Amino acid sequence: MENRWQVMIVWQVDRMRIRTWKSLVKHHMYISRKAKGWFYRHHYESTHPRISSEVHIPPGDERLVITTYWGLHTGERDWHLGQGVSIEWRKRRYSTQVDPDLADQLIHLYYFDCFSESAIRKPSLGHIVSPRCEYQAGHNKVGSLQYLALAALTTPKKIKPPLPSVKKLTEDRWNKPQKTKGHRGSHTMNGH
């Protein structure tokens, strides 16, 4: 029998970002209780030796599974130390991989109060509307002018610690263009 390969998309992430994300997930599962129904699976509960943890997020009757890996092959950069994250959407026997933006939208849709475009219609129907969005990572586009005007009237409430964002977990913070200060800024940058 020949070997069969299965290819998965794994986002390379540095381990400190993974540790921060895990602690945010645990905080909102056990302390703030905003992540109701979420399930955290430790590395010792998995049979796969490379799985560091799994977070199961059930939006509706399906599941979003965020798996963190360790011991992967290192990448071409120094900080690619063999840590990674995969994001999978499962419903019964069907599963597919999703990108971090879609994962955040699914989490946002099912779990957190939001003052969104539908809030313009809801008060006229007699529904109660939340005056803010608790999970800003779930929005990836600019809203309508009505929405922006209503959002400008409400002051956003800062949540400490922030809610766990899958996009923030997988973003590449190392390859962004470096911002340097002007003439009066950092003296080490301009050689003085």
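Quick reminder: no glycine exception, Cβ is built from N, Cα and C everywhere.
It should be emphasised that the depicted structure is a prediction, and the values quoted were computed from it without experimental measurement.
Residue ranges 20-24, 40-44, 115-119, 135-139 are listed, and Swiss-Prot annotates 40-44 among them as region 'Interaction with host APOBEC3G'. Among the ranges 2-5, 14-17, 46-49, the one that Swiss-Prot lists as region 'Interaction with host APOBEC3F' is 14-17.
Thr96 (phosphothreonine) is 19 Å away from His108 (Zn(2+) binding site) when you measure Cα to Cα.
Sequence-distant neighbours of Thr96 (phosphothreonine) (same chain, 6+ residues apart, CB-CB distance under 8 A): Glu88, Trp89.
Classification of Thr96 (phosphothreonine) by DSSP places it within a strand. Mapped onto DSSP classes, the region 'Interaction with host APOBEC3F and APOBEC3G' (54-72) shows 0 helix, 11 strand, 8 coil.
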